Amino acid sequence: MAKKIITVNVNGKAQEKAVEPRTLLIHFLREELNLTGAHIGCETSHCGACTVDIDGRSVKSCTHLAVQCDGSEVLTVEGLANKGVLHAVREGFYKEHGLQCGFCTPGMLMRAYRFLQENPNPTEAEIRMGMTGNLCRCTGYQNIVKAVQYAARKLQEPSTAAA
């Protein structure tokens, strides 16, 4: 199959690569760009471990083709750090123990990031609803909710609002 040249901005860096049209975004990120934060879990868009942000939307990269991202802005979990400083969402998961085995964490972080862009001051119920597309088999979700609440508070602080 003939490869197609795509140009995509990933974590603020322009990338131009030749990909087969059937290449899934998750494989493009992991194998072509060596960005292995997003995980391959179910490969059916059910678990959310592969969640990334594309043009301001949470997307499950296991069922999204790389060619669909031509001209897009993609943010992965690796992009949630600025010069070694953790984004408030990552800090929240760390401080509130929002993970155990860590397999779901990259997708949870990315969904929480987008969710807080959409709803900067959520209630607990809104957090639970907003995170429903991401599954965790370990934590029982309580600390994940606390982590998102922590991040929401942190993002309201003037010094971290731009983080």
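Note that Cβ sites are derived from N, Cα and C of the backbone, with glycine treated the same way.
Feature annotations, reproduced from Swiss-Prot:
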type    : residues                       : note
BINDING : CYS42, CYS47, CYS50, CYS62     : [2Fe-2S] cluster 1 binding site
BINDING : CYS101, CYS104, CYS136, CYS138 : [2Fe-2S] cluster 2 binding site
DOMAIN  : 4-80                           : domain '2Fe-2S ferredoxin-type'
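Everything Swiss-Prot records as a feature, shown here on the structure.
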residue	record	contacts (Cβ under 8 Å, 6+ apart)
CYS42	[2Fe-2S] cluster 1 binding site	ALA49, CYS62
CYS47	[2Fe-2S] cluster 1 binding site	GLY41, CYS104, GLY107, ASN134, LEU135
CYS50	[2Fe-2S] cluster 1 binding site	ILE26, ALA38, HIS39, ILE40, GLY41, LYS60, SER61, CYS62, GLY107
CYS101	[2Fe-2S] cluster 2 binding site	ARG137, CYS138
CYS136	[2Fe-2S] cluster 2 binding site	CYS104, MET108, ILE144
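Confidence annotation: the domain '2Fe-2S ferredoxin-type' (4-80) carries a mean pLDDT of 97 in the model. One residue stands out among the binding-site residues CYS62, CYS138 for having the most other Cβ atoms within 10 Å of its Cβ: CYS62. Residues CYS42, CYS47, CYS50, CYS62 make up the record's [2Fe-2S] cluster 1 site, and a Cβ search at 8 Å around their centroid adds ILE26, HIS39, ILE40, GLY41, GLU43, THR44, SER45, HIS46, GLY48, ALA49, LYS60, THR63, GLY107 from the same chain. Within 8 Å of the centroid defined by the CB atoms of CYS101, CYS104, CYS136, CYS138, the record's [2Fe-2S] cluster 2 site, lie the Cβ atoms of LEU99, GLN100, GLY102, PHE103, THR105, ARG137, THR139, excluding the listed residues themselves. Residue counts for the domain '2Fe-2S ferredoxin-type' (4-80) by DSSP state, with H, G and I taken as helix and E and B as strand, are 18 helix, 27 strand, 32 coil. Packing around CYS104 ([2Fe-2S] cluster 2 binding site) is summarised by its Cβ count: 25 other Cβ atoms lie within 10 angstroms of its Cβ, all protein chains included.
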